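J.: First, the structure itself, so that you have it in front of you.
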């Protein structure tokens, strides 16, 4: 890459970043937080944060990258995607009407809400315990990270249930919403994330998600300023780098440490070069249509229920890894959101996917606002827990693609909804047995309340 070519890419990168950052800043000033703000920051991180890191790798360490014209296509496709997404998100197809009273879809009381978070926590803890009994601490047993996907590890499907510890702790926080509950959420979820990191053998997702949710709650409540958020972001990047070194068993120093930091940070937070690789091999792609979305559900179907289930799931990530890159190392390489759309339908699917994503984020914001307006604090805690719990799925959307997002959000919805139903069933059984007693306020306290 020549200096002139880099200068052209830098101009496009600066304009694109300024365009998205400006819209995000105005939205942040308007509402402080919604899922449009979160997705916009996530989109910036995924598709634009890595450009400076790539530039240093190219000019400092002479690392090979895709041709400049392909990198330009990747930057422009990301900017155009966001433009279509933003217009879709902001467009109203009908006038906003004043909310009229309507019969709620469901209600929650104190006992049902506490039962819900206990069930969600139980799902996570039991899954971790069973996985540990089968495999022990994989971080200290396996020699390479790719081994966690091999036949040496049993009960891999249980990992999908670990994440429900975070929504459980979110319910606990939203029932109180004070600084102590906020700090308890951080300590409990990060401790659980570190435990699963050691048991699973290097999976950092639970730690990243817990820390991100903690920061966004702090921003919403005004407990964290923007400079504190920036400092926490730097701390998070360094922490994830250290965990990555432990995961891959790397011992580096000097220039090698700096080089390792650059490429691991880029691959962890901003795999934008994967989109460039896809575009570089565009002529080799056999467009998959909507099949990757259907195939991604295969992993949630147990073999005892479907004995003939394919052992290899050809979703967009695996298609990109195996068919496009011819990489059979055992690790799936993230195609990114835009990359998954290219795999499914080429360039035509990029604006269509942007419209779909705009509607998805709009729906989550509608649900979040519903929770903000809900007078029943127990129901509000459940709605907010569901919305913030889905942040993991939004990260999957940006990094892994639309197909992975759809299967995971459906799985999350089913498990979360089933936990609600079981909680309501248990409440009905306990109430029928006379075990539920309404809280009564003592007379002196009632008199004191009246005086106040």
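Cβ coordinates come from backbone N, Cα and C, glycine included.
Since this is a predicted model, take the numbers as computed values, not measurements.
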J.: What range among 63-83, 84-104 does Swiss-Prot record as transmembrane segment?
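T.: Matching range for transmembrane segment: 63-83.
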J.: Let me check one thing: do the transmembrane segment (378-398) and the transmembrane segment (181-201) come into contact, meaning three or more Cβ pairs under 8 Å with sequence separation of at least 6?
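T.: As far as Cβ distances go (cut-off 8 Å, pairs 6 or more apart), the transmembrane segment (378-398) and the transmembrane segment (181-201) do not touch.
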J.: Within this structure, do the transmembrane segment (63-83) and the transmembrane segment (6-26) have 3 or more Cβ pairs under 8 angstroms, counting pairs 6 or more apart in sequence?
T.: yes
J.: Can you find at least 3 Cβ pairs under 8 Å between the transmembrane segment (63-83) and the transmembrane segment (37-57), where each pair is 6 or more residues apart in sequence?
T.: yes
